[in-house]
């Protein structure tokens, strides 16, 4: 990876610490969260905060804080916030796929999955994708054409692991209260969902042992990428449609300028601002990394790209979502690696 790309990714991670955390102290968002924790309250539910989940005090405090933060997103009383959460959650599917694939490069599957389950995944959930994903991408190598695809297990089961370990807990946590689930049960479901990196990694590890790799690598990659692309694009289009149908302001896609912010008026406004920075910075990091990888694989410089490609890329970011475009670039590079490998093998024979 070039020094420029590494510096750009690290800069995004450092800026995330400033925009997300420092400014959250300055604009009063952290104080609002602390007040709700002190009064054991949730947004719109005074005195209804559940504080015991595992019996392990540090973990219980973390899960309690997660419930205070995510409750407005899952409750659905602020449509803009909930729909933005859907778009962000769907964009995490291709982000995580790229991280899973590249973490396996030159690694044993067990070691790679353990790193994802107990290091990278918990950091993403604890500190946020906007801060952690740029840092993870900054240490991932960029391979050149001719390199084998970066996994030694059936990545075609990535969709199954994400559906069971990520999407299903997400849907259950989003069930309406009190019509379908009780308030306490919803908080427990939100707490359960926080462990999705562990669940998905363990599911892939179990499949690795129970079902040896059978399908070709390029076919597995196509299955996993098609699933991730569908998730990301569907979430982005749903939010676009809602913003259009409800005449919502399109500025909801982008976070406010941090040094011009006012005090947050509500917990919902603070959560939306926090998620906006998380999504914007993590998606930007994905685009930076995949564009750099594409340029390295094709031997092109960014300035040498045609204006038509740039226009289509910008249109794709708007109408498909930034992570969908990043995944398309990554897939083209990965399949090119596979194709070049096969081509070289044919030539040598």
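Going from the start of the chain as shown, residues are counted 1 onward.
Here the Cβ of each residue, glycine as well, is placed from N, Cα and C on the backbone.
Going by Swiss-Prot, these are the annotated features:
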type	residues	note
CARBOHYD	80	N-linked glycosylation site
TRANSMEM	81-101	transmembrane segment
TRANSMEM	116-136	transmembrane segment
TRANSMEM	155-175	transmembrane segment
TRANSMEM	189-209	transmembrane segment
TRANSMEM	223-243	transmembrane segment
TRANSMEM	308-328	transmembrane segment
Interface present between the transmembrane segment (308-328) and the transmembrane segment (116-136) (three or more C-beta pairs under 8 A): no
Per Cβ pairs under 8 Å, the stretch of 81-101, 155-175, 308-328 packing most closely against the transmembrane segment (223-243): 81-101
Chain residues in Cβ proximity to the transmembrane segment (155-175) (below 8 Å; excluding those fewer than six residues from its ends, i.e. six or more beyond): 70, 74, 76, 89, 92-93, 96-97, 100-101, 181, 186, 189-190, 192-193, 196, 198-204, 207, 211, 215, 217, 219-221, 223-224, 227-228, 231
Surrounding residues of the transmembrane segment (81-101) on its own chain - C-beta under 8 Å, 6+ positions past either end: 72-75, 112, 116, 120, 129, 133, 136-137, 140, 149-151, 155, 158, 162, 166, 170, 197, 200, 204, 221, 224-225, 227-229, 231-232, 234-236, 238-239, 242-243, 252, 268, 271-272, 275-276, 278-279, 282-283, 286, 289-290, 321-324, 326-327, 330, 334
Count of other CB atoms lying within 10 Å of the CB belonging to residue 80 (N-linked glycosylation site): 16
